[in-house]
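Everything on this sheet refers to the single structure shown next.
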Amino acid sequence: MKNLPFKLIILSIAITIVIAASIRIGYAPAGTWNSWNMVVSQRFARALIAVCIGALLAMSGVLTQTTVQNPLASPDILGISHAGALAATLTLTRFPSFPMTSLPWVTLTGSLAGAIALKCCIAKRENPIYIATIGIALSALFAAITEYLLLSRSETTSSALLWLTGSLWGRSWNTLLWLWPALIALIIVSIFHRNFNLLLVGKDQAHCLGTSPKHIQYIALGCAVLFNALSVAVCGPLGFIGLVAPHIARRLFGGCHQWLIPGAAIVGALLLLVADLVGRVILMPVEIPAGVLTALCGAPYFLWLLLKSERR
């Protein structure tokens, strides 16, 4: 316990260093140097958005894993992210003039629908591999429908395609305003974080301690869906941060949600910051979307977890 605040401080310093690097390093087209302050401002906004989105994805992953009691769970693997992306794609392709500021509510609706579909499919089954398999199947289904929408409305897909890459490109200070609903969920999480710990000891023990596990699960899942929906609305679907960050945080901070949630948030912020920075500079001036890099690194880790769980 004594070292946990120190670890948070070290990770926070690492985030500060990466933010400074993100502002300083990058490609600027010819003539842009005359407006260097504007370039710095745009990069700073992009770095702050990466911090916020990475933190939201990581916290969403923690709450999802706590709710379904499954270390293989995360919103992107269980199809929740893809459901939100499907709802957004449907809106952007069918209604090209739809205001982007309302997109978070669209992705929230889609994500909630995806969570309900997942709940109906898994019923009361608790096998981790079964739940992960159902989630992957739902993700594939939602992704296929999304592809169909893009192909059937090719004349209105430009904005949707740019958004679906899972990139922070073009995000500005105004985009941060989309995240205000996360403050409400953060307050709820801070109030109920001790109750989330009771879900880890089992439903019977939680009942004995005077807590309704079902109500706590709904609260945790609701906050997880909101965090994920906001992330999808801002940057599109970003894979595996919601899976990897909670696992790293558990190794560093343990399983108590008092430390696990903020620890995972900082780890997730750092992961997305690094992915975005590497994507910007590795093939400069060409930019690789952060979502591509997180998938390249996260997919092998998920396969390793899957094989490890099967051996047990």
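Glycine too: its Cβ is placed from the backbone N, Cα and C atoms.
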From the ranges 17-38, 171-192, grab the one TrEMBL calls transmembrane segment.
171-192
How about the transmembrane segment (102-122) and the transmembrane segment (129-151): do they have 3 or more C-beta pairs under 8 A, pairs 6 or more apart in sequence?
yes
Are there residues at least 6 beyond the ends of the transmembrane segment (259-282) whose Cβ is under 8 Å from a Cβ of it, and what are they?
4, 7-8, 11-12, 14-15, 18-19, 21-22, 25-27, 46-47, 50-59, 61-63, 167-168, 189, 193, 238, 241-242, 244-246, 248-250, 252-253, 288-290, 292-294, 297
